[in-house]
Amino acid sequence: MGTRDDEYDYLFKVVLIGDSGVGKSNLLSRFTRNEFNLESKSTIGVEFATRSIQVDGKTIKAQIWDTAGQERYRAITSAYYRGAVGALLVYDIAKHLTYENVERWLKELRDHADNNIVIMLVGNKSDLRHLRAVPTDEARAFAEKNNLSFIETSALDSTNVEEAFKNILTEIYRIVSQKQISDRSAHDESPGNNVVDISVPPTTDGQKSNKLQCCQNM
């Protein structure tokens, strides 16, 4: 099993961000190990876990990073964001303050992460319906306004946890594979090859190659 896990076509680093106590560690453990710990304390030390999924016949290995409790001190370092191609920005649907802080997290993410990082807004603890403090429509509207995807999850009862991670990984894969097609077509100048030409503006060519390399070589 371990050997199979080492075989993959793409490796994507995805970070979990958001206030302390919103359930980031349990989202991570639910997706990667199908575990949930009611007694879970704030994460201490750097923690990441991996899991591979299949998309279009390709093996995508996700390396998912948890904030290691640094968010309590507002001390997440730029190293945490380095190389990340995806981010799950998590709040607790039963605590409005964690949702209010989403804007600050989004700003920090955009200040430190790659410009093209794929971001998903995640309203966690959807099992606490009777305590809901953040209306779904309000969060969805915020996500649309800021070009984020959006989903509500429950790490406790597993609702939408698989979907959240698979959706963001699939979106990242689509972007990366499109760039590969664009790059190959733009650089293929050999006559007689039966390749559909996809025009890529010369000014962005170099940038595209660099970003792709970043994604592949994490």
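Yeah, the Cβs are placed from backbone N, Cα and C, and that goes for glycine too.
According to Swiss-Prot, the feature Mg(2+) binding site maps to Ser25, Thr43, Asp66, an assignment based on similarity to another entry.
As annotated by Swiss-Prot, compositional bias 'Polar residues' applies to 201-218.
According to Swiss-Prot, the N-acetylglycine annotation covers Gly2, on the basis of similarity to another entry.
Residues annotated as cysteine methyl ester in Swiss-Prot, with sequence analysis given as evidence: Cys215.
The region 'Disordered' annotation in Swiss-Prot covers 183-218.
Look at Swiss-Prot and you will find 36-47 tagged as motif 'Switch 1'.
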Ser25 (Mg(2+) binding site): secondary structure state under DSSP, collapsed to three categories: helix
Local confidence of the motif 'Switch 1' (36-47) - pLDDT mean: 68
Protein Cβ atoms within 10 Å of Ser25 (Mg(2+) binding site), excluding its own: 23
